[in-house]
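Engineer: Handing you a structure now.
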Amino acid sequence: MVLKVFFPSCCSSADSGILIGRWISEQKSAVVLAVLHFPFIPVQVKQYLGELQRVTKVSISVLGSWSNSKQEKEESLSEFLEDLGTIFSHEPWIQISKEGDSKFWSCSTLQKHSNNPKEEEIILVYYDQRKVMLSHLHPPLDTAAGRAEDASRLSAIFDTVARSRVLFMTDRYDEGPIKVTHWQSEGVEASILVELLKQASVPACLLLTFLLSLLSGICRSRVLKFWPLSFLWSKLSTCEQLGHRLQHLQAISSTRKAQSHTQLMRKANIFVSLLIDVALGILLMSWLYRKNRIGHLADTLIPVADHVAEELQDLLQWLMGAPAGLKMNRALDQVLGRFFLYHIHLWISYIHLMSPFIEMILWYVGLSACLGLTVALSILSDIIALLTFHIYCFYVYGARLYCLKIYGLSSLWRLFRGKKWNVLRQRVDSCSYDLDQLFIGTLLFTILLFLLPTTALYYLVFTLLRLLVVIVQGLIHLLVDLIDSLPLYSLILRLCRSYRLAAGVKFRVLEQQDGKPLRLLMQINPLSYGAVVQTYRLPTYSCYPKDSWASLCKKLFLGELIYPWKHKGDKQD
């Protein structure tokens, strides 16, 4: 089997010393973790390695020697490095040397205790310790299951580097008898601001958790379970979005440590999503309250509502005549037209009654943008629903009347064929009818059939109006769900530090020459942006029905009420 030596690229310019790392016999690989420099006392080195093994649970030992001769090769140093193999007994003893600025390194092995020493083929693999440790391609650090079966896989390399975190906590500024070179030798990565934030986050999280527990207790109280409040809480998008954000705040303010990398990324994505949401909401609020835009919006709202009402009145007048040259049932046409015109009159009266308070309502609604852009968009969706409530009523009236006639015609059609619907067994059975039942059924079928075009025309027009409102609200809900579910932290991490979201590794051949070891470079292969979104996407509070086009057309034909989205836990009527 070929001997593979995984050498950290940060140690390529280190001074001469001994190589410490882990020997993986299952795949005949040596994972070099650091270079320990001269001078040192062998007893202290063995004590240091024993302490590392106790803390990291990794069998760290001295693998060989490293020689970096920047000038001419020193014979005494090479002999001394070879003699170290008798002090630190390891089979095989790996010797890596670099002469000056040469691109090719010499790598050999010594097997003093072997009866048949022979030349082995060696592959030298360079790897970036920092990227390998932070790539999370290794198994979970707190689980030992499956470690033995992974010993023959590449994940054992990542597991070795990840578990040796304690080794990387020492740098050249530490006072001690042991001096090592690794990826943090020039100074341990740290930030005073990060450490201060870590210390301050604990009491802040405790206070926020206490406040959120009180708020969630109020939300779960029996007062909100009574009919008016429970209905509003379940139907208004604003209440659903506030409840969704409350769950997010409880998740990120929890003092429990994340058990896995996925939970940590979820908390980070929620935190960044909340920050960006609130920042966009504050920008929107500052824009609304600048140059009296709230007053201009209130002054525009009433004329727009009057214009919509006038257009609906003109549409109803057109339907009450001969729309598109169609001959309608005049009596039913006049009844339906006057019925809907009366509703429009009531709606205009309601709008003008609320007109003095609209500016004040919009002023207080604008303050809600400080809770986030998604809350402001949810309020906008609810305002659109309230302003178009008369269109929703028209759609419900037309759909119910049309549905009643469709089901009446289908029932009477079964009567002509001597059939009936068995309610208990949910099937169509044969049935015998007398002459009076057939006569009455014929009269009712004729009446419903001739009244169907008039009802169908009103239903079609109001369904199109309702779908127009639903499309606008659906676009708003899609934008809210995009802000809620988009893993912004993961995407930023993929853009700036792609190795943190790794999908695997790839090897690139650096140089190859006869008589010299093959040199490879191990690189982290990051996840694609689509895979990042799919893996770390946050759940939303809206669930969209996955109806096919055939099912949707069937519902429209039968006059069933169509809900383009619904909240989790709701049932369609």
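Count begins at 1; order follows the chain as displayed.
Cβ from N, Cα, C; glycine included.
Values in this document were obtained by computation on a predicted structure and should not be read as measured data.
Pulled these from TrEMBL:
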- 200-219: transmembrane segment (TRANSMEM)
- 270-289: transmembrane segment (TRANSMEM)
- 335-354: transmembrane segment (TRANSMEM)
- 361-388: transmembrane segment (TRANSMEM)
- 394-416: transmembrane segment (TRANSMEM)
- 437-461: transmembrane segment (TRANSMEM)
- 467-492: transmembrane segment (TRANSMEM)
Engineer: Count, for each of 361-388, 437-461, 467-492, the Cβ pairs lying under 8 Å from the transmembrane segment (335-354), and report the range with the highest count.
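Structural biologist: Going through each listed stretch, the top one turns out to be 437-461.
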Engineer: Is the transmembrane segment (361-388) in contact with the transmembrane segment (394-416), using three or more Cβ pairs under 8 angstroms as the rule and ignoring pairs under 6 apart in sequence?
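Structural biologist: These two stretches do not touch.
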Engineer: Same-chain Cβ contacts of the transmembrane segment (361-388) under 8 Å, 6 or more residues past its ends?
Structural biologist: 236-238, 240-242, 245, 274, 277-278, 280-282, 284-285, 288-289, 294, 297-298, 301, 305, 469, 472-473, 476-477, 479-480, 483-484
